[in-house]
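K.L.:
The feature S-adenosyl-L-methionine binding site is assigned by Swiss-Prot to Gly29, Gly30, His31, Asp48, Tyr76, Asp97, Gln104. Look at Swiss-Prot and you will find 277-321 tagged as region 'Disordered'.
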Amino acid sequence: MLTDRVLTLLAPALRASGAIVVDATVGLGGHAAAVLTAFPHVRLVGLDRDPDALERSGERLHGLAPGRVELVHAVYDEVAEILDRLGHPVVQGILFDLGVSSLQLDTDDRGFAYSRDAPLDMRMDQTRGRTAADVLNTYDADALTRILREYGEERFARRIAGAIVQARAVTPFATSARLADLVRDAIPAPARRTGGNPAKRTFQALRIEVNAELDVLARALPAAFDALAVSGRLVVLSYHSLEDRLVKRQLRGYAEASVPPDLPVVPEGAGPRLRWLTRGAEPASETEKAENPRAASVRLRAVERTAPNPDHTRKPTGGAS
């Protein structure tokens, strides 16, 4: 199971007395509870941008491990600032479980699910920011085409964007069912019969845009890596190819020497600063996919920090674009 694999990967870094682990996307606290149970001496810092999820996980985790849990309402690219504020500038383990939580998917009025009619919100933090309806009703056709193509990998992006602009001129978008129907009608009939629900890619693109998910992830990974102690471990669970490619690209920058490849001797401090713990991206087992269909798309990558930052710190390659 994925949780068991996460525990196995984190275990060598969390065995030391006083170890601190960060769950950067604590959600309902499933992974966090497993970590706190498996490692009774570990302290956990949990972050989440969703105040509803944080309230629920707080009830669960504070009861499970009194005095060992600190929960903070924050987006995970704020991890360095949060850890400094809490007095934990260096930690032994960090976990990212990306994407939409079960709570968000299963709560109708959040608007994440294209299979149910709901307000077009899609904010992971409903206390701030623009909604999916705001994006649909204010972005021009070119901007809509761009996000559908880049974030949804939608080959009919321009057709869908044009249909959105035309439809909103009559009535602004407010609910998910209307958008799902429009996408289905905008896509050629043969394409509707393959690849699952035709609205899936459009909803993914809007969600990523509303929550700036790839931009946040591109900032969060370097900050998280810098907060890791030497021998500390970072585990990332991604749920679509855009996330996974970004994770791979960012971390690969730390796995390479920061000198020309033909240099005969690598200077001290210029060598790789991590080693991969996973060979490529690990999927969920077939058993887990059968028990939990939402695990079907997961890709797990993990690394161990092997060296501190050099004085001439080189930023990892990659980014959100």
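Glycine too: its Cβ is placed from the backbone N, Cα and C atoms.
For each listed feature, how buried is it and what is near it?
P.N.:
Long-range Cβ neighbours of Asp48 (S-adenosyl-L-methionine binding site) (same chain, at least 6 residues apart, Cβ-Cβ under 8 Å): Thr25, Val26, Gly27, Leu54, Ser57, Leu71, His73, Ala74.
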K.L.:
Same-chain residues six or more away whose CB lies under 8 A from the CB of Asp97 (S-adenosyl-L-methionine binding site)?
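P.N.:
Set apart from Asp97 (S-adenosyl-L-methionine binding site) by at least 6 residues yet with Cβ under 8 Å, we have Asp23, Thr25, Gly27, His31, Leu237.
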